[in-house]
Amino acid sequence: MASNVTNKTDPRSMNSRVFIGNLNTLVVKKSDVEAIFSKYGKIVGCSVHKGFAFVQYVNERNARAAVAGEDGRMIAGQVLDINLAAEPKVNRGKAGVKRSAAEMYGSVPEHPSPSPLLSSSFDLDYDFQRDYYDRMYSYPARVPPPPPIARAVVPSKRQRVSGNTSRRGKSFNSKSGQRGSSSKSGKLKGDDLQAIKKELTQIKQKVDSLLESLEKIEKEQSKQGVEMKNDKSEEEQSSSSQKKDETNVKMESEGGADDSAEEGDLLDDDDNEDRGDDQLELIKDDEKEAEEGEDDRDSANGEDDS
């Protein structure tokens with residue numbers, strides 16, 4: 001751990017010393033400060049006080065690297081304000097003026113070498129640095145917010161005094177400025193409104209065209225559906241008529257076949273009857289011939305007997 005001595009006034013020590021302002025010392029300790037700033041070089045001294053701290057490096061290059069790397073960093077909820085102790089920042093605030101470290105250290109003698117009683121030397125160093133910080137900044141670490149801007153008071157019409165002409169002129173100027181700004185803002189708003197209206201009209205036209213196209217598509221689809229239904233009904237009717245015709249033809253053909261079959265049967269019956277009659281006649285003729293033959297035989301036998 002580095003020593004607590006950070007108040008040497010020789011130029012080399014002052015140029016290699018880093019001031020750390022706006023430090024939350026309720027949370028951040030000396031070991032934390034050394035751990036953060038030791039990465040930029042060897043630390044030979046480190047002192048932490050109420051709201052600020054000092055880090056003493058061996059050379060100026062390490063100190064400048066630490067300022068460049070850690071200035072503006074947020075630690076424990078507060079943004080650090082870091083700079084070289086010999087080169088304070090110029091525009092740190094309006095309420096106070098920052099003095100150079102050389103002026104602050106000029107009339108203060110250097111502390112003697114650290115004695116075995118470290119507590120006494122630490123107390124002296126702490127008091128010296130606190131006095132340095134208090135005199136260096138005559139304003140609080142956190143600048144209070146600016147007061148609210150008061151509205152311009154408009155003088156009444158009854159107060160017509162020559163001594164208030166300058167005030168009236170100022171108020172008039174403020175009014176004119178406000179009116180000019182309001183007119184500009186009104187013009188800007190009017191232009192914006194016109195542009196918005198144009199965009200809305202374009203969008204409306206596009207939407208209307210889309211709706212019209214959708215309606216056309218729906219109408220075409222409905223027409224196509226009706227045509228398809230009509231075609232289907234016509235096809236069904238034609239198919240049904242064809243089926244009816246086919247059935248009629250079949251019925252007629254079947255009826256003709258039946259008639260022809262009946263006629264054929266009748267003809268067959270007639271032929272059969274004719275054939276039967278012929279056969280009967282032949283049989284009768286055969287019987288007659290046989291009887292005549294027998295008679296002839298009988299007559300021949302009688303003649304022989306006589």
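Every residue gets a Cβ built from N, Cα and C, even glycine.
Cross-referencing 155-161, 162-168 with Swiss-Prot places the feature motif 'Nuclear localization signal' at 155-161. Beyond the ends of the compositional bias 'Basic and acidic residues' (242-253), by six or more residues, the same chain brings no residue to a C-beta distance below 8 angstroms of the stretch.
The Cα atom of LYS50 (SUMO2 cross-link) lies nearest to that of LYS8, taking the recorded positions LYS8, LYS232, LYS244, SER253 as the candidates. Confidence for the motif 'Nuclear localization signal' (155-161), expressed as mean pLDDT, is 53. Taking H, G and I as helix, E and B as strand and the rest as coil, DSSP gives the compositional bias 'Basic and acidic residues' (242-253) the counts 12 helix, 0 strand, 0 coil. Under DSSP, the residues of the compositional bias 'Basic and acidic residues' (220-232) split into helix, strand and coil as follows: 13 helix, 0 strand, 0 coil.
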